[in-house]
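Colleague: Starting off with a structure, shown below.
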Amino acid sequence: MKNYKIVLLSGDGIGPEISEVSKKVLKKLSRKHNFNIEIIEKLFGGIAYEKYGTPAPDETLDQCKKCDAVLLACVGDIKYDSLARELRPESGLLKLRSALGLFANIRPVKIRKSLVNTSTLKKEIVENVDLIVVRELIGGIYFGKPRGHITNTKIPKAFNTMVYDSAEIERITEIAIKIANQRNKKICSVDKSNVLEVSQLWRDTVLNITLKDKNISLSNMYVDNAAMQLVRDPSQFDVILTSNLFGDILSDLAAMLTGSIGMLPSASLNNNGPGVFEPVHGSAPDIAGKNIANPIAMLLSASMMLKIGLNEEEAAKNLETAVDKVLAEGFRTADLADGSSEVLSCSEIGDKIIDEI
């Protein structure tokens, strides 16, 4: 029997509620598929700041480095917005990514048949959407230096630097190639090479790396056009490869094709060592504690963790199938309610999914 150790970071807002559902689901899966899973819970985000004065305590980061995978719920709350930037819950995410060397963010966007009518776009536009956004995570304008404010002038200024080296682009391209080879072997690289030198390097490097794999079909698209095409004809995409800033924007745009951001998981990976698996949605403090949050994105993130992080593919498939069955039977959380479905609480839909496993 295999033994796994994961760190669970419940974080803020609805995090504890969806984490509780995830713990129950993982325990059920471990019994059914004959593996042991030790779940170590640590403070992270705003709740960690309240106790330790930092959103990412050293103890939490050290434990994350030692585990097989990290399952993260969500962080943040408007009450922390007045803190210095490095003390806000969201900065803890940057510290976690840096500590684990997580350079690749993988975000699947798939329309589940039972939810096709929840999208704000027409059914015929979204019904065949099944794409993955591969986003470079620790480079680009979010991390580039120099950066800062100039306030001792008549007109205040602020500046950031978008910078990539070819090695950073090469390694994220290799991740995209690996994923594309498991799918339809199509990559669309998104940049702004008509005006940005950094995007010119991006395009050249991606081309050079993909040419080494004759199975891969590469196309290029400017980011403004990519945003338009994701709304006009999203099913044309299979694997979208892009930089940190562009990926941040496009992945959220793609998320809303599904009708609810509460349905989408993600994974942040490195070449070796534990990855972080987390839902796309935020902490939703306005509904925290009401037991009405949608836990499915968290559960699908757990499924990605099982498949990618722990190599328990059968358990991952079992969980996804259970989710689909519950949705097909017409059960929904409030964010997915369509008037004809039965609306369940966070814990109730979790119990339904457990029953289907």
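Keep in mind that glycine also has a Cβ here, set from the backbone N, Cα and C atoms.
The substrate binding site annotation in Swiss-Prot covers ARG97, ARG107, ARG135, ASP224 and is backed by sequence analysis. Annotation comment: Swiss-Prot describes TYR142, LYS192 as site 'Important for catalysis'. Under the heading Mg(2+) binding site, Swiss-Prot lists ASP224, ASP248, ASP252, citing sequence analysis as support. As annotated by Swiss-Prot, NAD(+) binding site applies to GLY282, SER283, ALA284, PRO285, ASP286, ILE287, ALA288, GLY289, LYS290, ASN291, ILE292, ALA293, ASN294.
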Colleague: Could you say whether, by DSSP, ARG135 (substrate binding site) belongs to a helix, a strand or a coil region?
Modeller: strand
Colleague: Within the chain of ASP224 (substrate binding site), which residues six or more apart in sequence place their C-beta under 8 angstroms from its C-beta?
Modeller: LYS192
Colleague: Cα of ALA288 (NAD(+) binding site) to Cα of ASP252 (Mg(2+) binding site): how many Å, rounded?
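Modeller: With the alpha carbons as reference points, the distance is 22 Å.
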Colleague: How would DSSP class ARG107 (substrate binding site) in three states?
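Modeller: In three-state terms, ARG107 (substrate binding site) counts as strand.
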Colleague: Want to know which binding-site residues, from ARG97, ARG135, ALA284, ASP286, LYS290, ILE292, are within 10 Å of ASP248 (Mg(2+) binding site) at Cα; which are they?
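Modeller: Within 10 Å of ASP248 (Mg(2+) binding site): ARG135.
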Colleague: Cβ within 8 Å of the Mg(2+) site centroid (ASP224, ASP248, ASP252 excluded): which residues?
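Modeller: The surrounding set, listed in chain order, is VAL223, ALA227, LEU245, PHE246, GLY247, ILE249, LEU250, SER251, LEU253.
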Colleague: Using GLY282 (NAD(+) binding site) as the reference point, find which of the recorded positions ARG107, ARG135, TYR142 has the shortest Cα-to-Cα distance to it.
Modeller: ARG107
Colleague: Over all shown protein chains, what is the count of other CB atoms within 10 A of the CB belonging to ALA288 (NAD(+) binding site)?
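Modeller: There are 18 of them.
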Colleague: ASP252 (Mg(2+) binding site): which of the recorded positions ARG97, ARG135, TYR142, ALA284, ILE292 is the nearest Cα neighbour?
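Modeller: Out of the listed candidates, the nearest Cα belongs to ARG135.
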